[in-house]
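To start, the structure under review is shown below, and the notes come after it.
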Amino acid sequence: MSQAALKKQLRQQYLQQRQAMPETVWQHKSAQICQHLSQWPIFRSARWVYAYRSFRREPSLDALLIQRPQEWGFPRCDGQQIRWHHSPQGTNPAFVINRWGLEEPGSDWPLAGRPDLILVPLVACDRRGYRLGYGGGYYDRFLTQKLAPAIGIGFDACVVNTLPVDPWDQPLDGICTESGIYRNLSQYTSHH
Ligand SMILES: Nc1nc2c(c(=O)[nH]1)N(C=O)[C@@H](CNc1ccc(C(=O)N[C@@H](CCC(=O)O)C(=O)O)cc1)CN2
Ligand SMILES: Nc1ncnc2c1ncn2[C@@H]1O[C@H](COP(=O)(O)OP(=O)(O)OP(=O)(O)O)[C@@H](O)[C@H]1O
């Protein structure tokens with residue numbers, strides 16, 4: 001099987017597993033992830049945090065977005081690139097639903113500042129920090145800029161020993177799951 005086909009198969013497997021998660025479990029685990037992040041010094045001292053809107057049962061960061069008067073950047077797909085937009089404070093701008101059904105900032109929102117921390121949604125991730133996403137290569141292209149620590153956000157069930165790696169894959173600097181934050185992924189012991 002080609003590497004692309006293998007990645008596709010793994011992507012389907014992990015997405016199916018995640019979609020089967022009951023909503024209450026998803027809410028509880030998302031809240032745990034938000035709790036870990038909100039207590040993490042690197043998060044607390046970050047001014048600009050690049051985040052995402054939960055899609056297909058990705059961990060929800062809503063509890064943080066509400067709680068923290070931080071400067072948040074959200075991704076908008078513009079051709080092959082991600083553009084990061086700022087959601088202005090004190091207002092509640094309506095996200096736009098894009099062609100995948102994903103919530104994006106409007107193209108007229110102001111651009112975000114340079115990130116201090118990047119929260120990267122995972123489909124799956126391995127102990128070396130290599131991740132599997134939706135297959136668009138958006139984060140791989142963006143993370144080559146190495147603007148800030150990139151922390152994968154996912155549930156324990158999506159962390160595996162090894163994923164197939166392509167030359168363009170950018171390893172993450174850590175992950176946060178419902179069981180904690182792992183800067184050096186070798187510290188991560190399986191929770192499932
Ligand atoms: N919440 C969230 N926002 C995000 C991302 C993300 O992973 N999570 N992205 C991270 O990149 C970007 C969006 N990337 C995406 C890439 C592909 C598909 C998608 O659904 N693709 C089709 C076909 C894929 C294929 O060609 O095989 C599909 O899966 O059906 C969705 C989002 C930017 N915003
Ligand atoms: N730095 C880059 N420059 C050009 N193309 C890239 C780059 N990084 C990734 N790509 C392309 O993007 C696609 C990424 O596929 P892959 O299956 O690794 O995506 P993914 O990591 O799951 O997706 P995503 O990063 O969107 O979550 C590949 O077709 C690859 O050729």
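Backbone N, Cα and C atoms are what each Cβ position is placed from, and that goes for glycine too.
It should be emphasised that the depicted structure is a prediction, and the values quoted were computed from it without experimental measurement.
According to TrEMBL:
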BINDING   Lys7, Lys8, Gln9, Leu10, Arg11, Arg131, Leu132, Gly133, Tyr134, Gly135, Gly136, Gly137, Tyr138, Tyr139  ATP binding site
BINDING   Glu58  substrate binding site
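Sequence features, as recorded in TrEMBL, placed on the structure.
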{"residue": "Lys7", "record": "ATP binding site", "CB count, 10 Å": "21"}
{"residue": "Gln9", "record": "ATP binding site", "CB count, 10 Å": "11"}
{"residue": "Arg11", "record": "ATP binding site", "CB count, 10 Å": "16"}
{"residue": "Glu58", "record": "substrate binding site", "CB count, 10 Å": "20"}
{"residue": "Leu132", "record": "ATP binding site", "CB count, 10 Å": "23"}
{"residue": "Tyr134", "record": "ATP binding site", "CB count, 10 Å": "16"}
{"residue": "Gly136", "record": "ATP binding site", "CB count, 10 Å": "12"}
{"residue": "Tyr138", "record": "ATP binding site", "CB count, 10 Å": "16"}
Leu132 (ATP binding site): secondary structure state under DSSP, collapsed to three categories: strand
Contacting binding-site residues, sequence order - Arg11, Tyr134, Gly136 vs ligand 1, Cβ under 6 Å: Tyr134, Gly136
Between the residue listed as 'substrate binding site' and Lys7 (ATP binding site): CA-CA distance (Å): 18
Residue pair Tyr138 (ATP binding site), Glu58 (substrate binding site) - Cα distance, angstrom, rounded: 16
Cα separation, Glu58 (substrate binding site) to Tyr134 (ATP binding site) (Å, whole number): 11
